[in-house]
Amino acid sequence: MAGRGETIKFRYILVFPFMAAALVLLLQAPRLWVMTDYRPGTFQWDRAQTFLLQVSEPFRSDIEAAMRWRLLPPLVGHYLQLPGYWPFVIPWIGLFCLLAYVGRLLWERHASAAYVFGGVLLVATTSAAIVPLHWYGINDAWVWLALLVVAFDRSRAAVLAAVLLAPWVDERFIIGLPLAWLVRGSRTENRLLGRDLWLLAPLLVYAAIRGGLTFFGAGTTVERAFMADSLRMAAGWVGLTPLGWWFGLRAAWFPLGAAVADQRPTSRVLFVCVMLATYGLTTITAADISRSSAIVLPVVVLGMLGFPARFGPKAGRVLLWTGIAGILLPMAHIVGRKIDPVENIAIEIMRLFTP
């Protein structure tokens, strides 16, 4: 029986991510007519083009400042000698790993197909999955996966690897790390995890390398100018921030709220404060508000893991319907002051073949 259970678990973890992604692509489809050829000035291609330039020459300096230190995926593509658009496979592998990891966490909590698929589908409807599916060259899923590893993985080696590698994928890992650490602590008696703080030591290596090269190289002026521009422009899009936060999660706000409600009163206040600080930092440093809102994904998963205790035998049904709500609720990308509504695949196919 144990062998059969492992086979079923393996099947669910492998198949459910593809099923969830397929449903999302049908009901919340990418702009196919934009993605067929390179189009500068579009969300679908701007970061993608920079990513391809980095793959060809990872340490080049003539790229946008936001991408200069996101070196790990380009280095992988470079040393694998991936030609043409093949580097775009790297973000998609990250997305599969993210959804499969969520499936594994849920299966270990409650071995129900409805529960596991509902949770995987719900995560697939958030910007954590939709942005890598809609925009080329976006490696966010690797960062969100690393935050989940920090929050939930029992292996200290896995946590150490996540802390060592993820900052070189995207700096947002560092912004989201305190919240992920708080989630990890909420699952233990030692909420501050003082004995595990050594796992964060690789951040010192990252800070030393980046700080040293920036200070002694030519990057100081570039980075200061980038931060000054970001702070100045943030005033223009702050009014759309609540809308961006909503569209990034939509139905996933339900388990997030449940996770916060499940905490003790003092911990509840701490969760809210750390989440607001995390959102605040992402808002003033990045214009892609809905995309960045996935940084609270560890709290969403924490809420889903609490469903069996909260809803008992109905947990699978509740989570499945929450995932279905996620693909039915309207979706839009919020970037700066731009709102880009998402349509279903039928609309996008008509646009693709309309002259």
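A Cβ is built for glycine as well, from the same backbone N, Cα and C atoms used for every other residue.
Fair warning: this is a prediction, and the values are worked out from it, not measured in the lab.
Residues 44, 95-96, 99-100, 103-104, 107, 113, 116-117, 120-121, 123-125, 129-130, 133-135, 323, 327-328, 331, 342-345, 347-349, 351-352, 354 of the same chain sit 6 or more residues outside the transmembrane segment (12-33) yet have a Cβ under 8 Å from a Cβ within it. The transmembrane segment feature in TrEMBL is assigned to 12-33 (among others).
What TrEMBL records for 84-102 (among others) is transmembrane segment.
Annotation source TrEMBL lists transmembrane segment at 114-135 (among others). Sequence-distant neighbours of the transmembrane segment (114-135) (same chain, 6+ residues past either end, Cβ-Cβ under 8 Å): 12, 16-17, 19-21, 23-25, 28, 30-31, 43-44, 47-48, 91-92, 94-95, 98-99, 102-103, 106-107, 141, 144, 247-252, 255, 288, 290-294, 297, 300-301, 304, 307-308, 315-324, 326-327, 329, 331, 333, 342.
Feature annotation from TrEMBL assigns transmembrane segment to 141-166 (among others).
Annotated transmembrane segment per TrEMBL: 197-218 (among others), in sequence order.
According to TrEMBL, the transmembrane segment annotation covers 230-249 (among others).
Residues or ranges marked as transmembrane segment in TrEMBL: 269-287 (among others).
Sequence annotations record features per position, and here TrEMBL assigns transmembrane segment to 293-311 (among others). Panel annotation: around the transmembrane segment (293-311), residues 102, 105-106, 109-110, 115, 119, 122-123, 126-128, 131, 140, 144, 147-148, 150-152, 172, 175-176, 179-180, 183, 186-187, 244-245, 247-249, 252, 254-260, 262, 271, 275, 278-279, 282, 318-319 of the same chain, lying at least six beyond its termini, place a Cβ under 8 Å from a Cβ of the stretch.
Residues annotated as transmembrane segment in TrEMBL: 318-336 (among others).
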